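Look at Swiss-Prot and you will find LYS93 tagged as active site, proton donor, backed by sequence analysis. For ASP38, 60-62, 91-100, TYR213, ARG232, the entry in Swiss-Prot reads substrate binding site.
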Amino acid sequence: MNTYKTYSERGQQHPNACARSLFELMERNESNLSVAVDVTTKKELLSIADAVGPFVCVLKTHIDIVEDFDHDLVAQLEQLAKKHDFLIFEDRKFADIGNTVKHQYANGIYKIASWSHITNAHTVPGEGIIKGLGEVGLPLGRGLLLLAEMSSKGALTKGSYTSESVEMARRNKDFVFGFIAQHKMNEHDDEDFVVMSPGVGLDVKGDGLGQQYRTPHEVIVESGGDIIIVGRGIYGNPDQVEAQAKRYRQAGWDAYLERVRLHKK
């Protein structure tokens, strides 16, 4: 199964351009860490991005919560992505009909498609959402993740919702390269979906607001996830940002090496 191959092997054979770039970058930087930078000022976002940049493969943003957003922020984020060799993932969670999301992705004040390598979408509206986003993203070499499962307590993303989301991804492998999910989604030898898993923590099990945390070992070795998404565990203490990024990067990479070892033929 492709889940258990090395990132390098998976990158060489992946049908999606964005996924190929991502796997190559992960192997090159020895990182499967994504930091979710959920802060509300341009200064904080750029400061954290620069501090964690050397240790991540993906920087995850919520650009619409930044109160002083401007296009200089985007330009500086793009510069940091080049400087530190990471991809940008705007966690937009599109959830409307195809024609609407097409404009939300390409236009408006954020113009997400112009700078974000990866974005994501709910599958609630049906397959049209993938087609609409793909019209914009495919020509730009972008990649889409579908929300198959969420890490919050009581989430409705389970059962038939999850299985239908996987079927939609299978029909759109040119643009959809993976999922936001809690475990591996690959069932067939001819598919290789990248799984990014939120809700990762080394020190706590929850946040009192419904978030449930798992360790990198649980996510990658036990559940078959590929990339760990960490937020407050890294930048919650401003004096510890770099140290925590190093710590999570090492924990994630060690878990990946263990998984490869366990499944070597």
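Every residue, even glycine, has its Cβ placed from backbone N, Cα and C.
Remember, it's a predicted structure, so these values are computed and weren't measured experimentally.
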Least surrounded among the binding-site residues, given as THR61, ASN99, when other CB atoms within 10 Å are counted: ASN99
Conformational class of ASN99 (substrate binding site) under the three-state DSSP mapping: helix
Between LYS93 (active site, proton donor) and ASN99 (substrate binding site): CA-CA distance (Å): 15
Spatial neighbours, same chain, of ALA95 (substrate binding site) - Cβ under 8 Å, 6+ residues apart: VAL101, ALA121, HIS122, VAL124, PRO125, ILE129
Number of other Cβ atoms within 10 Å of the Cβ of TYR213 (substrate binding site) across all protein chains: 20
Cβ neighbours of LYS93 (active site, proton donor) where a neighbour is any other Cβ within 10 Å: 14
Least Cβ-crowded entry, counting other Cβ within 10 Å, from the binding-site residues listed as ASP38, ASP91: ASP38
Cα-to-Cα gap, THR61 (substrate binding site) vs the residue listed as 'active site, proton donor', nearest whole Å: 11
In the chain carrying ILE97 (substrate binding site), residues 6 or more apart in sequence that have Cβ under 8 angstroms from it: PRO125, GLY128, ILE129, GLY132
